[in-house]
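Engineer: Sharing a structure here in structure tokens format.
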Amino acid sequence: MSRPPLYLIFLLIFFILCGQSHSSRFASISSSSDLVSDGVNELQETPYLRLNSLESVSAPEESCEESYGFLPCTTSALGNLFLIIVYGYLMFLAAKYLSTGSELLLEILGPGIVGGLFLPALGALPDAMLILVSGLAGSAEVAQSQVSVGMGLLAGSTVMLLTLIWGTCVIVGKCDLQDSVAIDLQDTKGFSLTESGVSTDIWTSYAARIMVISVVPFLVVQLPQLLNSTSGRHLAVLIALIISVSMFIIYCLYQVFQPWIQRRKLAFVKHKHVIFGLLKHLKQQALGRLLTESGEPDREIIEKLFSRIDANKNGLLSASELRALIVGIQFEAIDLDHDDAVNKILSDFDTSRDNHVDSTEFANGIIRWLAQVQGARTGRADDGPHTLKYLHNFHQETKREHDLLDVGEQNDEVVEGVEESKGVLIRAILFLLLGTAIAAAFADPLVDVVHNFSNATSIPAFFISFIALPLATNSSEAVSAIIFASRDKRKTASLTFSELYGAVTMNNVLCLSVFLALVYLRGLVWNFSSEVLVILVVTMIMGLLGSFRTAFPLWTALVALLLYPLSLVLVYVLDYVFGWS
């Protein structure tokens, strides 16, 4: 999507401000329609008798307060709807500019500290600002009435990400499912509910589990309501705030160290590939069986293998001899560096640490590897002719682990040229500053018009913010996620769903921390049981689904999409039928 020119934004703001001056003129002129001459004094300053219209009798005249003293306001439903659209679009631009600046900054500085600490907070900045201003305005009574806008945004963002966007990504990214794995770019099953869908890597499941854990502060703050206690509510808010802030810090640290953790686990799986490749190669040398008839390792055969590999017949295998062995082995499914494979063998076999492997070390190392492979297989311990069978099973399991962990090559690209790097950095900073400025400037007016629209239509502010505001703050993220998922590849699906789970986690730790801080510091009443229940239900269902599955057929998309209207119905029934609020 191309970015709209900046001058269009300022023209739009200019026309809004111009409309404000005309609105006051129209209000004064239209008032004359309800005036009738008294027929006596035509020259007096007030020569009319005022007749109350039916509209003025049925409803008292209301006034609105201009944001910053000059931005337009209105008490009509259509006028406020128009302002919601305008301010919502500006918040959409803010989120878009923050996202663009974050991507540019990540490209320059890499994942590390910037990707782990700085960028997750920037992604949630528009939501956090809207939540913040919803509870700052006016007295405590005014803040209590407007803070429902912040809760509506918090719940709406979470529910929309995990239902509408999640389900849409499954539909647009569907491929044929075979053995619970999506076949890239192959979509021949149509809209089969069980044989068509998407699959993800194991890291996506980890992200889903982290998202489930992030709902703990919601449970803590709801404890007094669950126990029907009124004395400990303020304390529960404080405890939930401390937990939420702590989880935000821990999550950011996890984001910082996640690339290191991922590389460690991926290296372990590659090590298992080396085990499989070497054992399979030795078995195929036609020197006999690796196992005896009883299923035990055959030391005699292993020693013969050692003699064959020992080219200079000195009783020791050097790194060069091991490398000559590795070169002749075909490692399937991975691009393994030969020197790296040699180092892995030396690390496992060379117990004396003299950079050589003698016959005893070689035999003991092969026996340990065989025991590891046998421990991974199913069925009884068969001997030689079936050695390849359990090696094959071990290979299939290792290949599956590698596929689950390998989310794609993450090359550390170096920006060519100092000038180019500086230019990209300046662009990134400008985008971030512009996005932050727009979000800070129009968050308060947007909250005001939502409240005014609620008064004009008698629709609860929660439902307006639940439906409308997430469309503004999450539209850019939603569009990019759907486009990315539509590439019909497993790796892109993994990244898409990981980002959705991460966005919800930031809602549950950062945005909730802002909300809890408002409630605690301003002495507001926590009365959002139905809203919290909706967040818990949707997060737990979708989180557990993502935690224990890596394949998502189309029926899971239907479940996700149905959860959105059910969430609205649940809040309405609990608040307005059972009177929870």
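All positions are counted from 1 along the displayed chain.
Placed from the backbone N, Cα and C atoms, the Cβ positions cover glycine too.
What TrEMBL shows for this protein is this:
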type	residues	note
SIGNAL	1-23	signal peptide
TRANSMEM	68-92	transmembrane segment
TRANSMEM	104-125	transmembrane segment
TRANSMEM	145-172	transmembrane segment
TRANSMEM	206-223	transmembrane segment
TRANSMEM	235-257	transmembrane segment
DOMAIN	297-332	domain 'EF-hand'
DOMAIN	337-372	domain 'EF-hand'
TRANSMEM	424-443	transmembrane segment
TRANSMEM	463-485	transmembrane segment
TRANSMEM	497-518	transmembrane segment
TRANSMEM	524-545	transmembrane segment
TRANSMEM	552-574	transmembrane segment
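So that I understand the layout, could you describe where these features sit and how close they are to other parts?
Structural biologist: Using a Cβ-Cβ cut-off under 8 Å and counting only residues 6 or more beyond its ends in the same chain, the transmembrane segment (206-223) has close neighbours at 232, 236-237, 239-241, 243-244, 247, 251, 254, 497-498, 501-502, 504-505, 508-509, 512, 516, 526, 529, 532, 535-536, 539-540, 542-547.
Within the model, the domain 'EF-hand' (297-332) carries an average pLDDT of 79.
Panel annotation: around the domain 'EF-hand' (337-372), residues 270-271, 274-275, 277-279, 282, 290-291, 297, 299, 302-303, 305-306, 315-319, 322-323, 326-327, 329, 331 of the same chain, lying at least six beyond its termini, place a Cβ under 8 Å from a Cβ of the stretch.
Beyond the transmembrane segment (463-485), the same-chain residues lying 6 or more positions past its ends with a Cβ under 8 Å from any Cβ of the stretch are 1, 84, 87-89, 91-92, 95-96, 99, 123, 126-127, 130, 148-153, 155-157, 159-161, 164-165, 168-170, 172-173, 198, 446, 450, 453-454, 492-493, 495-496, 499-500, 503, 568, 571-572.
Nonlocal intrachain contacts for the transmembrane segment (497-518), taken as residues 6+ away from its ends with a CB within less than 8 angstroms of a stretch CB, comprise 120-121, 123-124, 127-128, 131-132, 134-136, 143, 147, 150-151, 154, 157-158, 161-162, 165-166, 169, 198, 200, 203-204, 207-208, 210-211, 214-215, 217-218, 221, 237, 240-241, 244-245, 247-248, 251, 474, 477, 481, 524, 535, 539, 543, 546.
Only residues 6 or more beyond the boundaries of the transmembrane segment (552-574), in the same chain, are considered here, and those with a CB under 8 A from a CB of the stretch are 155, 159-160, 162-164, 166-168, 170-171, 174, 177, 191-200, 462-463, 466-467, 529-531, 533-534, 537-538, 541-542, 545, 580-581.
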Engineer: Can you tell me how the residues of the domain 'EF-hand' (297-332) break down into helix, strand and coil by DSSP?
Structural biologist: 20 helix, 3 strand, 13 coil
